[in-house]
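Just below is one structure, and these are the notes that go with it.
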Amino acid sequence: MKVLVPVKRVVDANVKVRVNADNTNVDTANLKMAINPFCEIAVEEAVRLKEAGIATEIVVASIGPKASQEQLRTAMALGADRGIHVETEEELAPLSIAKILNAIQANEQAQLIMLGKQSIDGDNNQTGQMLAALAGLPQATFASEVKVEGEQLVVTREIDGGLQTLKMPLPAIVTTDLRLNEPRYAKLPNIMKAKRKPLDTVTVDSLGVTLKQHQKVLKVTPPAERQAGIMVASVEELVEKLKNEAKVI
Amino acid sequence: MAILVIAEHDNATLKLDTAKVVACAQAVGSEVDVLVAGHNCSAAADSAKQLAGVRQVLVADSAVYANAIAENLSQLIVSVASEYQYILAAASSVGKDVLPRVAALLDVAQISEVVEVVSEDTFVRPIYAGSAMATVQSLDAIKVMTVRASAFDAVAQDGSASVQTLDNEYSGDVEFVSQTLSESERPDLGAASVVVSGGRAMGSAENFAILEQLADKLGGALGASRAAVDAGYVPNDLQVGQTGKIVAPDLYIAVGISGAIQHLAGMKDSKVIVAINKDPEAPIFQVADYGLEADLFEAVPKLLELI
Ligand SMILES: Cc1cc2nc3c(=O)[nH]c(=O)nc-3n(C[C@H](O)[C@H](O)[C@H](O)COP(=O)(O)OP(=O)(O)OC[C@H]3O[C@@H](n4cnc5c(N)ncnc54)[C@H](O)[C@@H]3O)c2cc1C
């Protein structure tokens, strides 16, 4: 079974980003970049499926600037077999990303496509669902457990209020939640080996995809600052403040 | 300008989120319809009829909609989409699952987690865990949006909308196997006016009992940081934050939580924030209205005594 795992290059989760001076975007210059944590979980899950003898090949794909190849190499160091880099300098909306991935899937015919549920930059939580719609495939979002049973996929999902289990035929699309697994660290020999794994670079045009502009970002501003509060000296003072000042208890 | 709001419900009851999304819809225009798709969902549909200012409630009552399967629901929504310029749902696990699928089928973008309506085509949404706010103008003919319910005040429930029944049954390849929902007498995280959350410092599932008592005394809901959920102290659905629940209660009490940006993203719009932490440098104190530097295992029992 072939597994396709799209991955995104994002600002590292531990880095605090700030809005740029002209309020057009966040300032990402010189920040530490990383593979989106949810994408990393998707790669890990695919690697585990391969180790379990269920997956036979793991293809990772990334859409973005040339430097996105670093994240493809990271994914290959974790165990992916080959990479596809769709090079573009444009910041594309999730629907456009889904259209490009759909074109890749048309070539690859993967049985399972596993994506992160959201990227921690745009926080959109859309791409997997959109790809499922475009490819006409069933979807299981926010997965906390993935089991392949023959030609069927059984997925437990994190939903508001609890967990839900769905069953669907392959090919299918899964988006990963935090509790699906804990990704491994890449070992040095695997990092070296990843450098020699095949990586194809293609363009949006060569995939035959035409994209539209759906929205314009008019401005990007800092969030409202909270007024600094006070430190209280004791539980008694806290209760007094909550009762008489804030009047919330 | 017709707007369709996808109701959030469990067939028996309509979630408060729906009334909040209707409020967002009314900031866009006045012709607001609500779709209640479910199975044996007449009670939820009856509540939807009472939402103030709603024009019409569309009811699709069928076994295929029982568990909000995205394949089925998205086809149903697309089948009525041509009547609308806007399709809105709460940014809940159902809304997030279904709406992007609807948007892609309609070949339009989705705007996620809208917190403010600027004009008919321009909306504000947080990005980077709320470190920045993007003002986005939609160029699409149909605007598909998920709404951050905590950013809107629920509409009243004194309306009397008419009802239209939808008979189309759409289904696909996805089979529902099972569902386990946390049983709790406490209010929903999203609807509670008080939320008491615990972090890694709680140390165990058993230790969470003191926070449960505190939540119960205040009539509030229980929440947690990712670290507490990952450690298995509490169920997944209690996670507050960028990638969990977003809450904005009147009172949020953070106990033994450091205040990572991903956690703050889920609670920093609360009206009053209390933080109890033994580290005076913990970032949570920077957003807290009242900070108490203390060992939680001493402070929380005392708090229980005094309130
Ligand atoms: C992709 C991604 C998504 C994430 N999404 C979320 C999310 O949605 N929600 C979320 O919460 N996190 C999220 N996180 C995790 C986040 O970065 C933090 O790791 C997490 O919030 C830390 O949880 P914590 O504050 O409980 O633990 P810690 O950071 O370990 O903090 C524990 C705190 O307890 C205090 N303490 C210890 N003992 C005591 C005591 N006896 N009395 C009082 N105080 C004590 C310590 O001083 C410390 O401040 C995400 C991370 C990533 C990478």
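Glycine is no exception: its Cβ is also placed from the backbone N, Cα and C atoms.
According to TrEMBL, the FAD binding site annotation covers B:R200, B:225-226, B:239-243, B:256-263, B:N277. Residues or ranges marked as domain 'Electron transfer flavoprotein alpha/beta-subunit N-terminal' by TrEMBL: B:3-180.
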Proximal but sequence-remote residues of the same chain as B:Q242 (FAD binding site) (Cβ under 8 Å, at least 6 apart): B:A129, B:G130, B:I261, B:Q262, B:H263, B:A265, B:G266
Candidate with the highest Cβ count within 10 Å, taken from the binding-site residues B:R200, B:H263: B:H263
Filtered B:Q242, B:I257, B:A260 - binding-site residues with C-beta under 8 A from chain A: B:Q242
Local Cβ density at B:I257 (FAD binding site) - other Cβ atoms counted within 10 Å: 31
Cβ neighbour count (within 10 Å, all chains shown) around B:Q239 (FAD binding site): 28
